[in-house]
Amino acid sequence: MGVCGYLFLPWKCLVVVSLRLLFLVPTGVPVRSGDATFPKAMDNVTVRQGESATLRCTIDDRVTRVAWLNRSTILYAGNDKWSIDPRVIILVNTPTQYSIMIQNVDVYDEGPYTCSVQTDNHPKTSRVHLIVQVPPQIMNISSDITVNEGSSVTLLCLAIGRPEPTVTWRHLSVKGQGFVSEDEYLEISDIKRDQSGEYECSALNDVAAPDVRKVKITVNYPPYISKAKNTGVSVGQKGILSCEASAVPMAEFQWFKEDTRLATGLDGVRIENKGRMSTLTFFNVSEKDYGNYTCVATNKLGNTNASITLYEISPSPAVAGPGAVIDGVNSASRALACLWLSGTLLAHFFIKF
Ligand SMILES: *[C@@H]1O[C@H](CO)[C@@H](O)[C@H](O)[C@H]1NC(C)=O
Ligand SMILES: *[C@@H]1O[C@H](CO)[C@@H](O)[C@H](O)[C@H]1NC(C)=O
Ligand SMILES: *[C@@H]1O[C@H](CO)[C@@H](O)[C@H](O)[C@H]1NC(C)=O
Ligand SMILES: *[C@@H]1O[C@H](CO)[C@@H](O)[C@H](O)[C@H]1NC(C)=O
Ligand SMILES: *[C@@H]1O[C@H](CO)[C@@H](O)[C@H](O)[C@H]1NC(C)=O
Ligand SMILES: *[C@@H]1O[C@H](CO)[C@@H](O)[C@H](O)[C@H]1NC(C)=O
């Protein structure tokens, strides 16, 4: 082998060396597990993609030839490198150990590797499996989506990894964090408004922490008026009618009295919309303001309305009385405390002198 080049092996030379190794590595010789004789390779080697794998073979001084093979391809024979792969290097070649290293291991390196030795003209082999692990990684996931209530939605989450990761979907709802699918696909038919929100896809294998990503589903639905309360106000006071509607997208509001649409600035009223809530404010309620008002909530999926009554109540009495009583109690107790304090001080005074 010394006459051959190191990396660049002429074809003729290869054949010669291969023939020389043929007797050394007979094909089809079964690896007898539990055989205590040489060579002794290690148990299966598990490494992560990108890491280095060490293939170790324990020998003794009766061994005359050694080689490491990848399937039927010789990687190293003694100190001579046969593999053209720069990631394969020799680590140890001593009378007791023969080890090589594969750097930056990739998934295609997975498989059986064989340590082959010759002792007293008897070839022996030992096999080790290189197992390559890959952390879970989500490769393709659905984008955030907006749908109308009642439609069907399919979310997709594709993940790679070794071993093959388990993919699950959870709904990160306010109530619970229930699993909704133990699959790459999450199918929701006839989606309801309470199924909106964030969904989390998680890809899990036992190599590394799970890869987790989120998708948001927005469910559109027409307005629904959740609060509309009749309100009593006396003449000359400020009156506020409020109307609350839930809707996606958010509702827009209009106020009517009979068939007349109301607007800020007209007839001493102001309309304010804040999120789900709309208020109609009367700055100075007069007799003509009493009656039924209609709050209309609209979004692109529809509209709904509610009738709210502004009714008259008699003016509330002044609230001076109770305040005065409390003040009286306070001053009375303060006076008592004062008396007690001076009494104590007085007592002290007399005891001391
Ligand atoms: C080594 O890996 C191979 C292939 O995955 C398997 O058949 C064998 O049982 C493993 N041996 C040990 C000792 O784990
Ligand atoms: C082992 O053999 C496989 C299949 O031929 C090949 O893809 C891989 O690169 C080889 N690995 C090493 C370290 O030689
Ligand atoms: C993700 O998957 C979808 C559906 O299979 C496909 O149309 C799309 O091209 C994929 N995107 C990427 C980045 O692989
Ligand atoms: C409310 O309206 C009445 C009648 O128009 C008027 O006399 C009164 O001054 C007003 N009050 C306020 C606070 O503007
Ligand atoms: C206002 O509405 C109530 C109930 O919706 C109804 O009973 C009442 O007659 C209405 N009043 C007017 C003035 O339309
Ligand atoms: C309120 O709703 C009813 C029935 O849904 C409809 O007939 C009416 O026209 C609506 N009123 C307004 C002011 O939109």
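For all residues, glycine too, the Cβ spot is worked out from N, Cα and C.
Those TrEMBL annotations? Automatic predictions, nothing curated.
Feature list (source: TrEMBL):
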DOMAIN    39-126  domain 'Ig-like'
DOMAIN    136-218  domain 'Ig-like'
DOMAIN    222-309  domain 'Ig-like'
SIGNAL    1-18  signal peptide
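Helix, strand and coil counts from DSSP across the domain 'Ig-like' (222-309) read 6 helix, 57 strand, 25 coil. DSSP assignment over the domain 'Ig-like' (136-218) gives 3 helix, 49 strand, 31 coil.
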